[in-house]
Amino acid sequence: MAESLLTIAVGMAGTRPAQPAQADGDCTEPSTETIEKDPGVYLVILRSSLHSERSSRVMVSGLALLTCTAFYLSTHSVIWGRKGKVVSPSPIIQNRPFIVVWNTPTENCKKKFNIDLDLRAFDIIENQNERFVGKNITIFYQNKLGLYPYYTDTGTAVHGGVVQNASLHQHLQQASKDIQNLLDHNFHGLAVIDWEEWRPLWDRNWGDMDIYKQKSEELVRSKHPYFPEWLVFQIAKSNYETAAQNFMQETLRQGWKLRSMGLWGFYKFPDCYNYYHEEPLTKYTGQCHKEDVPRNNQLTWLWEASHALYPSIYLNKIFRSSDNARKFVHYKIKEALRVATLESLSKSLPVLPYARYTYAKTFDFLTEIDLVHTLGESAALGASGVVLWGDMEFPRTKDGCEELKNYIDHRLGRYVVNTTMAALLCSEALCDGHGRCVRQDPSSRTYLHLNPSSFQVLSVPGFPGPQLRSQGELHTEDLLKMSREFTCQCYKGWSGPQCREK
């Protein structure tokens, strides 16, 4: 039995690692806690006795992740874990089974107010100057990519309004120009298209989106005024879905053609519409609507053209610190992971859900337990990472920037470090560094958290200021607990219970 040493260096400024929840998920929001304010670097040394003759050392820092390690595209991934299941793809950043990516335009905080959020110190991947558009992640809104057809709130048609009226050729020409102008030739990050005015399946255009059904039928009637209504409906639905498929599919293909190292996909896809409505909260199950799983199967063409999936797990405040938040996120991600590994696809897809650090339509930050329900649930189920989205509201003012920095320093950042490091440690300990740890039982309350009883935080002299050093041992009982609760999903080219077979 050889000793395996895993060393992880993560820069941390103005905070220290969270006292994480126990791995069984019984995490409560602390009422009071003393936070050490010394800036510096955490050096976490994790020693463990493994049933392995292999001894390895992995060194990863927040800065090195951005400057030395490129995003790389996962390819075909038909690999098998302990129970012979098709698994998630290789990590987006080498040797990092779970990452957190910043998608908030917070450049004003440093530029205008001299408030440095110091995201890299917490292993949060960011664009240069924390911009929306950059080498690590770029999001394309409806007016930033091609000639997206839609109707305004007043019913005015833009670029044809309904997709059947749009020129796909002209759209792709403009999209090509936009991609080449916005993305460097060697772009290798997340390429997210955010089109939310209409959905490609006819039956999912309800509420304000019903206008796309109405206009589609009007278009058929204008060409065939004597057709019966049942035939108008059938033709309108068929024409709409065909045009929508071509528009979305060809946009992804064009993006891939021009920037083939990008992970192209649509925001909020897939979805299973398990949103809370008016039923009593005590009756909320979080489960996907029964009709939406087969509907997602109808979108195989979209998944095949995608290179990553970006479902949304934004929490409404009504779910604050409740088990309903966990249910909501659990079934969203579970469905996305199912779609990502459909047998009909030629490749497995990375899943990176979009999360917010505030509750939807509020300025209230997520509680610690709701970070567990979002980031923690995503990691434990086998997602490749999480994208943290935010709008311009906090960076508008100095007070907003200070509030955001305080939240990152004292809650969000330390939980990110906790989860990303635990995922890396579990991968190294159980999967020989060649796989991702996922729950044995997807419905369990187990999480990838470091055991707080195994680590100490030490303040040591350093340059330019004091450094905080977290040092501890991974004990035999910790390893046994991991192996009971988690299993390995091997990366491309590896197989076996511990991903040691090539």
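Heads up, the Cβ atoms here are built off N, Cα and C, so glycines get one too.
Taken from TrEMBL, the feature active site, proton donor applies to GLU196. Long-range Cβ neighbours of GLU196 (active site, proton donor) (same chain, at least 6 residues apart, Cβ-Cβ under 8 Å): GLN142, TYR267, LYS268.
In the three-state DSSP reading, CYS401 (disulfide bond) counts as helix. The annotation disulfide bond is assigned in TrEMBL to CYS109-CYS401 (among others).
Residues annotated as disulfide bond in TrEMBL: CYS272-CYS288 (among others). DSSP classifies CYS272 (disulfide bond) as coil under the three-state reduction. All protein chains shown were included, and the count of other CB atoms within 10 Å of the CB of CYS272 (disulfide bond) stands at 23.
Annotation for CYS426 (disulfide bond): same-chain Cβ neighbours under 8 Å, separated by at least 6 residues, are PRO97, CYS437, LEU448, MET482, PHE486. Here TrEMBL flags CYS426-CYS437 (among others) as disulfide bond.
According to its DSSP assignment, CYS488 (disulfide bond) is in a strand. According to TrEMBL, the disulfide bond annotation covers CYS431-CYS488 (among others).
Look at TrEMBL and you will find CYS490-CYS499 (among others) tagged as disulfide bond. Just so you know, the Cβ of CYS499 (disulfide bond) picks up 26 other Cβ atoms within 10 Å once every protein chain is counted.
The feature N-linked glycosylation site is assigned by TrEMBL to ASN418.
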For CYS426 (disulfide bond), what is the secondary structure by DSSP, using just helix, strand and coil? helix
Looking at the recorded positions listed here (CYS109, CYS272, CYS288, ASN418, CYS488), whose Cα lies nearest to that of CYS499 (disulfide bond)? CYS488
Can you give me the Cα-Cα distance between CYS288 (disulfide bond) and ASN418 (N-linked glycosylation site) in Å, rounded to a whole number? 30
Closest of the recorded positions to CYS109 (disulfide bond), Cα to Cα, picking from CYS272, ASN418, CYS488, CYS490? ASN418
CYS490 (disulfide bond) versus CYS431 (disulfide bond) - Cα distance in angstrom: 7
Coarse DSSP state, helix versus strand versus coil, of GLU196 (active site, proton donor): coil
